[in-house]
Amino acid sequence: MSESWQQPPQTQPQQPQAPQPQHHAETPPALAEHTLPPGSAENPLGCAVYGILLQPDPGLQPPQHAPLQAGEPGPKCGVCGHDLAHLSSPHEHQCLAGHDRSFQCTQCLKIFHQATDLLEHQCVQAEQKPFVCGVCKMGFSLLTSLAQHHSSHTGMVKCSICDKTYKPAEAAEPATTTAPSLPSAPPPANIAPVEQPEKPYSCPVCQKPFKHLSELSRHERIHTGEKPYKCTLCDKSFSQSSHLVHHKRTHSSERPYKCAVCEKTFKHRSHLVRHMYAHSGEHHLFRCNVCELHFKESSELLQHPCTPSGERPFRCGECQKAFKRPSDLRQHERTHSAERPFKCDLCPMGFKQQYALMRHRRTHKTEEPFKCGLCEKGFGQPSHLLYHQHVHTLETLFKCPVCQKGFDQSAELLRHKCLPTSTERPFKCPVCNKAYKRASALQKHQLSHCAAAEKPLRCTLCERRFFSSSEFVQHRCDPAREKPLKCPDCEKRFKYASDLQRHRRVHTGEKPYKCPSCDKAFKQREHLNKHQGVHAREQQFKCVWCGERFLDVALLQEHSAQHSAAAAAAEGAYQVAACLP
């Protein structure tokens with residue numbers, strides 16, 4: 001849309017007039033009363049206050065209206081005959097009668113009667129925000145959203161073209177284009193809007209502040225669980241419309257985001273941005289300033305719990321358990337109290353964790369799509385319906401091959417231990433004449449009479465042999481249980497080589513762990529650590545007279561008393577010597 005819409009010819013062109021100085025009233029006018037020129041070469045259909053740029057489709061021409069002739073009552077539309085005398089410009093009339101409509105989307109070929117409708121439609125498709133607030137420079141996709149946003153500014157705002165002031169709170173309608181063209185001028189640098197609180201809206205539940213009322217409304221759905229945006233193709237619902245738009249792409253093959261390098265397409269913009277890292281070579285764009293870790297996405301950096309050297313600064317006041325994140329501490333503190341902040345909106349029950357509330361809410365669901373064809377009873381899962389139908393058919397799916405007892409579930413059959421009621425033992429061993437009730441028990445017994453060579457399966461750890469693979473699997477021999485390592489001096493067995501090496505020092509007398517403060521040595525490291533605590537305590541209590549150190553403060557006090565007594569005795573002897581002639 002590089003070409004601009006040329007204005008229809010006028011029979012009585014107006015003479016250009018010099019711009020008159022503006023005399024502003026004491027009370028600033030509202031935005032609806034504020035007039036702006038129809039546009040410039042760069043913005044022929046736009047409003048300089050709202051920052052709107054409107055251009056029609058270049059491939060289509062607007063319906064041409066008949067020019068005004070002398071003696072005629074007034075201009076009329078050449079297509080529909082609509083009277084245009086009350087309009088300041090023929091552009092304000094969009095003809096609805098002709099089929100040659102002026103504003104058509106180049107992507108989906110949808111036709112619009114007004115340029116603003118086309119612009120809003122294209123912005124939603126391309127996820128652009130061309131409607132910019134003149135106060136805070138915030139962008140919006142819809143003009144109505146910008147008008148609603150203007151009500152949040154209560155300070156006086158200057159027009160960027162004619163320097164008039166107006167109240168954005170009264171801006172319910174966009175500015176009209178009835179005034180003559182004025183030269184554009186930049187706004188004065190010394191005039192700024194009145195500062196407002198950054199986040200004036202707060203959540204009544206968790207007191208979290210927000211800058212815009214729409215953000216607060218979207219946040220409140222977290223507490224209420226409301227999901228007003230439902231998918232028409234499945235039963236899923238979402239709390240935000242953008243989530244629904246992303247979800248709908250899973251039902252279709254639409255992939256609107258295309259890589260300009262390799263022409264690979266994606267369903268979501270975030271996937272395309274992540275893919276572009278492969279071409280740019282910047283695989284980790286976000287870096288933590290504390291631990292120097294890199295992340296591909298900013299969300300990963302924000303969720304990264306940076307705690308250098310494994311620190312856990314958040315400690316519970318009840319049990320002194322430490323945590324890395326304050327959220328983990330708050331979640332843990334609920335175990336010590338009766339607080340249940342997650343309440344069910346259908347019953348008075350409360351829960352300490354959110355996942356417990358979500359699991360409980362499933363019990364309130366009344367949807368039972370699986371109906372029984374005989375009694376019309378409904379079930380939430382097809383397996384529950386299958387088990388229920390056994391009541392009508394009197395059939396059991398799982399039967400015991402020994403006693404023919406039936407069970408509804410396979411787990412009940414596995415737990416069933418079938419034992420014949422009679423005391424007969426018809427299965428006898430031909431070697432030792434021992435009798436058994438089952439043939440499987442006799443076969444298992446006969447393996448005990450087999451020679452070692454007849455057992456093909458051998459454990460490589462304990463050298464035991466087995467006849468069947470099931471026995472070999474159940475054996476589960478591993479070094480952690482069998483203690484395969486044996487001491488060559490006392491034949492004591494150990495599980496691990498480190499245990500055996502530590503034990504060998506008993507026989508060799510080796511003491512590899514030496515104290516750096518004294519000449520003592522130890523066989524085990526834990527003994528050295530315990531000994532070094534003695535030196536640490538010695539450093540705490542030092543005598544100020546002679547520098548000697550002690551393990552206990554009582555010993556230091558007793559030692560200091562000796563210095564005090566000696567000093568007192570020396571002072572008394574000096575006084576006596578001074579009195580003698």
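Backbone N, Cα and C define each Cβ position, glycine as well.
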*Among 48-70, 370-392, where does Swiss-Prot put the label zinc finger?*
370-392
_Same-chain residues near the zinc finger (541-563), Cβ under 8 Å, at least 6 residues beyond its ends_ = 534
*Enter the number of other CB atoms within 10 angstroms of the CB of Lys129 (SUMO2 cross-link).*
14
